[in-house]
Amino acid sequence: MKALLRQVAEGKDLTEAQAEAAMTLMMTGEATPAQVAAFLMALRIKGETVAEITGAARVMRERAIRIHHSRPLVVDTCGTGGDGSHTFNISTTAAFVVAGAGVAVAKHGNRAATSLTGSADVLEALGIHLDLTPEEVGRCIDEVGIGFLYAPALHTSMKHVAPVRREIGLRNIFNLLGPLTNPAMAQAQLMGVYDPNLTEPLARVLGNLGVKHALVVHGTDGVDEISISAPTVVSEMRDGFVHTYRVVPEDVGLSRAPREYIRGGTKEENARITESVLSGEPGPRRDVVLLNAAAALLAADRVRTLREGVELAAQSIDSGEARRVLERMREFTHRLRAESA
């Protein structure tokens, strides 16, 4: 570990294999807390490369508890968070819309870190039990069309690194790795990021990891989603090739709205917003969910364009299918807990 730490501290990039070696030492507890902290900060100051992120993500994926399912394709809508915008849980709400449109979702997520409410927090407030076994999560994906992959329960090797991350309190490579390490091996992904300079590199990383089609996005108003209030930078990766462009709501027939209209609050408030959107309430909250669900449907190759995706997402809500997915997930997790009681 000392040799790898010295190399990074000197501003020299690691190869993918070296990044894998460093990550393995950290995930197995062989690296000391001081070495982990120094490595993470040296890497942050130098700037993480595509090869370094790819190598680290490979190790984290390999060491995760795998979620097995029988769906031919699953999509994830997990983002980095950390944008400080305090929006409601847009990608989590969009996940129900995507599932309502017939595309299976393996939603990877966690509790809030820098925001008020993480995906795990809002799902609990919606009455969904999260303490499922890996086998039960796979069944939920198969039977309901959506499953929640609670990161701390599935990335148990993180126990060696988590205390150091908390003590540092600064962004580091692990802020990027969560959305890159879906334990159900999602082949399609919508990934929001907190920095526009990350869209293209992380799209390339997803291609390196075997994801077939992904959209990595950053709203220029600062949100780690496709924005309803400003242009969004989109790096679309399909079969390893990356194309970067900009999207505005008007491109898909939607109107812009101030970012204040999509602000969230406590987990209870955000749960109410999710339920209202899934129940068909019109307005900017619905529109931003339509936009992001459309991107996930495009990544899953369910539609050919974002505009088609918006139309299909609207059908998912207006037909009641998106709401029924939420209700089925709630009932499924309650039934499992009752059976195990």
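Backbone N, Cα and C atoms are what each Cβ position is placed from, and that goes for glycine too.
Per Swiss-Prot, the features are:
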- G79, 82-83, T87, 89-92, 107-115, S119: 5-phospho-alpha-D-ribose 1-diphosphate binding site (BINDING)
- G79, N110: anthranilate 1 binding site (BINDING)
- S91, E225: Mg(2+) 1 binding site (BINDING)
- R165: anthranilate 2 binding site (BINDING)
- D224, E225: Mg(2+) 2 binding site (BINDING)
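All features noted in Swiss-Prot, drawn onto the structure.
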| residue | record | Cβ contacts under 8 Å, 6 or more apart |
| --- | --- | --- |
| G79 | 5-phospho-alpha-D-ribose 1-diphosphate binding site | S91, P179, L190, M191, G192, V193, D224, E225 |
| T87 | 5-phospho-alpha-D-ribose 1-diphosphate binding site | V223, E225, R259, I262, R263, G264, V288 |
| H108 | 5-phospho-alpha-D-ribose 1-diphosphate binding site | D76, C78, L149, A151, G178, P179, T181, N182, P183, A184, A186 |
| N110 | anthranilate 1 binding site | G118, S119, A120, Y150, A151, P152, G178 |
| R111 | 5-phospho-alpha-D-ribose 1-diphosphate binding site | G118, A120, D121 |
| R165 | anthranilate 2 binding site | L40, N172, F174 |
Can you tell me whether DSSP puts R165 (anthranilate 2 binding site) in helix, strand or coil? helix
Note down the number of other Cβ atoms within 10 Å of the Cβ of D224 (Mg(2+) 2 binding site), including every protein chain shown. 27
Could you find out if DSSP has N110 (anthranilate 1 binding site) as helix, strand or coil? coil
What does DSSP assign D224 (Mg(2+) 2 binding site), in three states? coil
